[in-house]
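Here is the structure we will look at.
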Amino acid sequence: MKPCMTALRQVIQPLSLNFQGNMVDVPFFRRKDKVVFVMGATGTGKSRLAIDLATRFPAEIVNSDKIQVYKGLDIVTNKVTPEESLGVPHHLLGTVHDTYEDFTAEDFQREAIRAVESIVQRDRVPIIAGGSNSYIEALVNDCVDFRLRYNCCFLWVDVSRPVLHSFVSERVDKMVDMGLVDEVRRIFDPSSSDYSAGIRRAIGVPELDEFLRSEMRNYPAETTERLLETAIEKIKENTCLLACRQLQKIQRLYKQWKWNMHRVDATEVFLRRGEEADEAWDNSVAHPSALAVEKFLSYSDDHHLEGANILLPEISAVPPLPAAVAAISR
C-alpha cells in the first residue's frame with residue numbers, strides 16, 4: 001500500500017531560530033516531509049534505482065549531478081533517455097542553458113529546494129539522485145531550513161571497484177559507438193582550451209581536444225587514429241578515478257549520516273547478463289531499497305531507521321585527478 005503523503009506532515013506556527021548569528025524564521029513541522037537520496041559512484045545504477053522507486057511510490061526525481069544539469073551532451077553526460085525515464089518527472093535535468101558558467105552548490109541548493117517544495121505540495125516524494133556529493137552536502141549540511149523541514153533517507157548503491165571499473169570501460173566504448181565523439185565535435189571551440197567551467201568540464205570533452213585539433217590540421221590518418229585511441233583510454237581512466245573519489249566522499253558522509261544510510265551492493269548485477277542481471281537487480285538492489293523507503297515513509301519522525309551495519313571497503317590512495325575532473329568530483 002502506498003503511503004499517503006498528506007498524512008505525513010502537519011504544519012503549525014513558524015519558529016524563529018538563531019542560526020550562525022542570524023535570526024531565521026522557519027516553518028516548524030510536527031511531522032516533517034520526507035526526502036529520499038540515491039547516492040553512489042558513477043556507473044553504479046543510481047538513475048535506474050531512482051526510477052524504479054518512483055514507479056513504486058508516488059515520487060518525482062531531482063537530479064543532483066553537476067554536469068547533467070546542463071542542456072546538451074546527452075551521450076557524454078549519460079543522461080537518462082525519455083524511454084528510460086518511464087514517464088517519471090525529472091527536475092534539474094538538462095535545464096541549465098548557459099553551458100559556459102558553473103552551476104554552483106549554492107545554485108543547486110536554491111533550485112533543489114524549489115523543486116522539492118513543488119513535489120511535496122503535490123503530495124509526492126522527492127527522490128534526489130546523482131553523483132555530485134558536494135551538491136547533496138550543501139543541501140543537507142549547509143541549509144538549516146532544509147534540515148528543519150525534511151527527514152532524509154540515504155540509499156547508497158555500491159559496486160566492487162574492480163567490477164565497476166570493468167563496467168565503466170565497457171560503457172565508454174558503448175558511448176563512443178552511440179556518437180560521443182560527434183557530440184563533442186559539435187561543441188568543440190578551437191579558439192579555447194579552457195575546460196574549467198560549465199559543461200566543458202564533462203569527462204569526454206577535454207580528453208578529445210588534441211584529437212579534434214589534429215583533425216582540423218589534417219594530420220595523417222594514423223596520427224589522428226592514435227590520438228583518438230589515447231583520448232578514449234583517458235576518458236576511461238578519468239571516469240574510474242572519478243568513481244574512486246566519489247566513493248571516498250560517500251564513505252566520509254556515511255560517518256556523518258550512519259543512522260539512516262542504507263548500502264545496497266549491486267556487484268552481483270554487474271557480474272551477470274540479460275535476464276539474470278535483471279533478476280539480480282530486483283533481488284539485490286530494487287527490492288531491499290523499496291523496503292527501506294517504505295519503512296522510512298511509514299515511520300513517524302521520532303523513529304530513527306537504522307541503516308544496515310556497513311563494513312566499509314578499503315579504498316587505496318587515488319592518484320591526483322586532472323583539474324577539470326577534480327572539480328566534478330567535489
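Cβ atoms here come from the backbone N, Cα and C positions, even for glycine.
Under DSSP, Lys46 (ATP binding site) is assigned to a helix (H, G or I) in the three-state scheme. Proximity of Lys46 (ATP binding site) to non-local residues of its own chain (separation of 6 or more, Cβ distance below 8 Å) is seen for Val38, Met39, Gly40, Ala129, Gly130, Gly131, Val157, given in sequence order. Annotation comment: Swiss-Prot describes Gly40, Ala41, Thr42, Gly43, Thr44, Gly45, Lys46, Ser47 as ATP binding site.
The feature transit peptide is assigned by Swiss-Prot to 1-39, with sequence analysis given as support.
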Exercise. Once Gly40, Ala41, Thr42, Gly43, Thr44, Gly45, Lys46, Ser47 are set aside, which residues in the chain still have Cβ within 8 Å of the Cβ centroid of the ATP site?
Worked result: Gly131, Val157, Val159
Seminar exercise, completed: Given the binding-site residues Gly40, Gly43, Gly45, the candidate whose Cβ has the fewest other Cβ atoms within 10 Å is Gly45
Problem set entry | Densest Cβ neighbourhood among Thr42, Thr44, Ser47 (binding-site residues), 10 Å radius | Thr44
For this session: Output, ordered by sequence, the same-chain residues six or more apart from Ala41 (ATP binding site) with a CB under 8 Å from its CB, or 'none'.
Result: Gly131, Asp158, Val159, Leu164, Leu242, Ala243, Cys244, Gln246, Leu247, Ile250
